[in-house]
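Asker: Would you mind keeping the following structure in view while I ask a few things?
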């Protein structure tokens with residue numbers, strides 16, 4: 001029997017059963033509902049008749065009752081109606097009456113009449129009974145008709161169901177046949193074939209599942225093919241790896257989880273002189289390690305084996321013939337997919353030659369360090385030996401210059417002093433670069449004011465700029481916060497190197513330092529109008545001992561180390577020294593320093609006493625610079641190129657609060673002097689440095705009339721906020737007065753003792769000289785001086801020993817505290833730090849100039865005086 005026949009018969013049986021249940025239940029409901037409706041209606045009707053006939057029965061009005069009965073039977077098409085009294089006497093009867101049986105239900109009445117009765121009552125008293133018969137033949141007819149109609153409908157429906165079942169079976173068989181065709185196609189052509197079944201029913205979903213299954217089978221088949229190919233490739237690779245392992249130059253050891261050897265390659269056999277048969281089942285440690293093998297390395301390997309963790313070590317092993325050799329051992333555990341340890345693989349590389357090379361390199365490095373140390377010591381000693389005579393040369397030449405007015409001897413003394421100073425600069429550069437190369441250059445962090453540093457640094461460079469008639473410009477806005485933390489000395493060294501180079505290699509024009517605030521610090525640039533740098537030299541100009549050319553080196557006396565040192569110092573602040581140049585027109589060196597900032601001290605607003613300024617200057621870059629500075633602080637500036645142009649202002653000249661002029665001839669100078677003389681001897685006119693006449697000779701003016709360069713915004717604001725001062729006579733004695741200051745100097749050099757004595761002549765200092773450290777301590781005990789300056793390197797007792805003895809005397813309370821200053825030709829920073837650490841208060845480097853010596857005495861002399869006042873108070 002086909003699936004279609006089974007489908008038709010199955011559906012027909014189900015439909016027949018369903019129809020039978022439906023017809024039977026429907027007919028039963030029809031009979032029950034009609035029967036109930038008839039019973040209820042009949043009971044209601046007989047109740048109405050009983051109520052309507054009650055009065056007539058009580059009155060025994062037979063005529064009325066007959067009339068009432070006839071009308072009721074006629075109107076309601078009843079079979080009969082009969083009314084009897086309480087005694088059972090018939091009062092009226094209309095219709096066919098055959099008897100009353102109220103217990104028979106309507107569909108059970110065999111005579112086609114349904115009997116109902118109702119008592120006629122008034123209160124609790126019964127007066128009679130109304131009996132009524134209702135025709136039920138029409139109800140029986142309706143039930144018979146319904147039964148017949150249901151059977152006809154059931155037959156028609158069964159026929160239609162059979163027809164539709166046949167059509168549905170054919171449709172389903174056609175769609176299922178598509179599945180069968182697809183299966184045959186897959187079996188013939190392989191997985192991947194697809195069938196097309198439209199719709200959204202179960203067969204469609206089965207077709208989609210079939211298509212998905214076909215695609216999955218195709219993917220699985222492709223994957224199996226790929227895995228087969230992979231397995232073939234893997235097998236080939238395994239064969240290759242086996243060949244590699246067998247012929248590798250590194251030794252390979254495979255061990256069991258317990259650490260015993262399972263396999264080794266040929267390289268292992270060649271290196272260790274053991275065969276595979278000799279090592280299988282044994283531990284590598286018991287075969288290869290010896291007395292000199294490092295126990296810590298062995299313990300590390302054992303820990304790695306116990307913890308199943310990889311490790312890489314260098315270890316000393318021994319061959320079968322006890323020949324030592326070094327290997328780099330890399331031990332790796334191998335796990336299965338469940339994380340269980342399968343084996344260890346150890347790869348050893350022979351590094352015996354490398355270890356020997358490292359040993360030789362280490363020895364060479366030690367020798368290099370010793371050579372570097374020797375070089376540093378040599379440089380320090382050479383510095384000391386050179387600085388000692390330089391101290392005498394520079395000091396004596398400085399003293400002679402103070403008292404020499406003859407032109408030719410003075411020029412020779414200036415040349416001598418300048419040459420000695422240049423030699424000291426070269427020594428300083430060499431010492432600094434030696435520390436750079438040795439990596440001993442360190443930065444000291446301290447809080448300082450960058451503006452003050454820039455102004456003092458440029459003031460030092462102004463002297464050389466004045467001598468060459470160069471304009472020195474500083475562009476540093478007042479609004480910047482310049483309180484920073486950094487190495488003040490090294491930053492000063494960077495600026496001096498760059499500014500010094502710019503002044504040195506510039507013959508005319510100007511040098512400008514520009515400082516700007518950045519996010520993390522400050523940006524600096526030094527621009528000049530000098531000789532410039534050729535493009536092919538730009539990349540090498542900051543290398544050590546590099547110059548633009550040898551002629552420039554000879555002419556400008558450069559060492560070639562300043563830029564290299566500056567570059568290194570800037571890099572220590574995470575900056576970079578950059579240069580751009582137009583050969584023949586000047587250069588610009590720029591860099592940035594990351595300097596942490598501190599809060600700026602609060603300062604009161606500056607009240608300006610001068611609001612109008614006349615600027616007389618023919619150098620346009622300086623004019624633009626000064627006018628920009630004046631504008632930023634709110635000053636009105638009028639500019640004229642020279643005095644003749646300024647004269648065109650006429651009487652308006654008297655309206656200017658200040659006149660700043662650059663003049664190069666005596667006539668203009670005298671005219672400006674005369675103009676200033678009209679203001680009750682007040683000094684309204686200031687002259688810009690450098691003051692050089694047309695003949696190239698410098699002229700001098702009263703110090704308080706000269707506005708030294710560079711003119712900074714801060715200096716200009718200070719100038720314009722101060723009141724005009726009256727003239728005063730210059731002091732004939734510039735030396736400071738150190739009356740009653742007792743100074744003890746310990747110096748073993750006879751020349752230096754004479755030099756110091758000459759420098760301090762006419763200063764008021766009470767000077768005591770000692771030839772060595774022992775004498776210095778004895779003199780200290782006898783004289784108890786206010787200040788001690790001691791050389792570091794002396795016979796019998798050096799400066800450190802002198803300091804130690806003096807500090808011990810002071811700690812015992814035998815003598816009052818006094819400052820001690822180191823005086824040495826050793827310029828190394830380490831020497832200075834050592835001096836401070838051992839109890840000295842300051843450091844004075846040879847060769848010393850008179851001004852430096854006097855500044856040092858003034859600095860620590862004030863400390864002594866303050867200590868004495870405190871003790872007496």
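The backbone N, Cα and C atoms fix where each Cβ goes, glycine too.
Annotations in TrEMBL come from automatic prediction, not curation.
In case it's useful when we look at the structure, here is the feature table from TrEMBL:
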- 170-222: domain 'HAMP' (DOMAIN)
- 237-308: domain 'PAS' (DOMAIN)
- 309-363: domain 'PAC' (DOMAIN)
- 381-597: domain 'Histidine kinase' (DOMAIN)
- 742-861: domain 'Response regulatory' (DOMAIN)
- 791: 4-aspartylphosphate (MOD_RES)
- 7-30: transmembrane segment (TRANSMEM)
Asker: Considering every residue in the domain 'Histidine kinase' (381-597), what is the mean pLDDT value?
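Answerer: Looking only at the domain 'Histidine kinase' (381-597), pLDDT averages out to 79.
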Asker: Quick test of the contact rule: Cβ under 8 Å, at least six residues beyond the ends. What residues does that give for the transmembrane segment (7-30)?
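Answerer: Same-chain contacts beyond the ends: 142-143, 146-147, 150-151, 154, 157-158, 161-162, 165-166, 168-169, 172.
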Asker: Within 10 Å of the Cβ of residue 791 (4-aspartylphosphate), how many other Cβ atoms are there?
Answerer: 26
Asker: Using DSSP and collapsing to three states, where does the residue listed as '4-aspartylphosphate' fall: helix, strand or coil?
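Answerer: In the DSSP reduction, the residue listed as '4-aspartylphosphate' maps to strand.
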Asker: Please list, for the domain 'HAMP' (170-222), how many residues fall into helix, strand and coil according to DSSP.
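Answerer: Tallied per class, the domain 'HAMP' (170-222) gives 41 helix, 0 strand, 12 coil.
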